[in-house]
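Annotated in Swiss-Prot:
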- Ser169: active site, nucleophile (ACT_SITE)
- Asp335: active site (ACT_SITE)
- His368: active site (ACT_SITE)
- Arg239, Asp369: substrate binding site (BINDING)
- 64-374: domain 'AB hydrolase-1' (DOMAIN)
Amino acid sequence: MMNIHSVKGQKIAAGERTQEVDHPHSLVAQFGADQPLPLDCGIELSPFQIAYQTYGTLNADKSNAILVCHALTMDQHIANVHPITGKPGGWLTLVGPGKPIDTDRYFVICSNVIGGCMGSTGPASINPATGKAWGLDFPVITIPDMVRAQAMLIDRFGIDKLFCVVGGSMGGMQVLQWSVAFPERVFSALAIACATRHSAQNIAFHELGRQAVMADPDWQHGRYFEHGCFPHRGLAVARMAAHITYLSDAALHRKFGRKMQDRELPTFSFDADFQVESYLRYQGSSFVERFDANSYLYLTRAMDYFDIAADHDGVLAAAFRGTQTRFCVVSFTSDWLFPTSESRAIVHALNAGGARVSFAEIVTDKGHDAFLLDEPEFIDIARAFLQSAGTARGLGKAEH
């Protein structure tokens, strides 16, 4: 499924151009019994592995590294053709030569999160104790667990301090967690369309999706691999419901309205008469070809558990007190999944903690997914922030 190369403890040399944007291949960093991953649930995961992509060149002093943290249903293939779908990378609007995250200037790393299903250890991986897929025996993971695993990967490169950590949605949660857990290792942080904790509404939407998966008879209590089946129907419904939250009423009206799908009159049946119905069915059916159902359960649960203030006596500002990281927080006016009020709460906490922070609210009708789309104002803001941070960091052009 992927061209994966094992990297057992070896470090990447500065100046080595590990991947070209046009023809990259995934790498896997393996961590043995001597390098367990401590999890918030109280156990250690060992052995485990992290699949990742890199783009660009790590400079001599390793000061130009950007970690991109992917969103819930994305993976490490942000700027290359996806090995399963054959589609372009998931964040080409932001990552690539001449883009805001300029791969001619920066060394870019993106790893599949722990619990994911594109090469990193997750519930679809083989449990070494049983020789079968982990299924629900896989430990429940959290956003902090994901970040600890990423930090172990960054150590493999010998990178002490990341120039920037960037991410949107679940990726933005990881950005914030990086800045709290490893403030001395993050020079700048770009947190997009996210929050410091999941709202009751978002937890409710996630529970709807999880119940759709678990209600599918083919889910088999998470043991579907052993039964030779897959809960396609349940996962497709979960994706359809979630995808609605990524859009906006205005965007749906502009794109579909009440237009019919390949017909002029209703069929008076339960076929997909409307274009929006056909679109959602496509989103569901295509998603199940590239995503594991149990991973969906685990990653949505990780987002639900996320709450930075909970570890600081309920005082969010305390989490950021004394940080030297430069922050940029971005929200979108039509994002009702992570509304601007959530971003303002982040900014207020950063200000109270004495952090350097800039904030932008982008006026758009594209909804939550605006951060993945061609949104010129957002792209300009990301570029300006990274250029300013790069000047402060003393970065020139990447060495080739």
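Glycine is no exception: its Cβ is also placed from the backbone N, Cα and C atoms.
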- prompt: By a simple count of other Cβ atoms within 10 Å, which of Asp335, Asp369, the recorded positions in the record, is least packed?
  reply: Asp369
Message: Can you tell me the CA-to-CA distance separating His368 (active site) and Asp335 (active site), as a whole number of Å?
response: 4
Task: Look up Asp335 (active site) in the DSSP assignment and reduce it to helix, strand or coil.
output: coil
Task: Grab the pLDDT values for the domain 'AB hydrolase-1' (64-374) and give me their mean, rounded.
output: 96
- prompt: What's the CA-CA gap between Arg239 (substrate binding site) and Ser169 (active site, nucleophile) in angstrom, rounded?
  reply: 16
- prompt: How many Å lie between the Cα of Asp335 (active site) and the Cα of the residue listed as 'active site, nucleophile'?
  reply: 11
- line: Same-chain residues at least 6 positions away from Ser169 (active site, nucleophile) with a Cβ under 8 Å from its Cβ, in sequence order, are Ala71, Leu72, Ile192, Ala193, Cys194, Leu337, Phe338, His368, Phe371
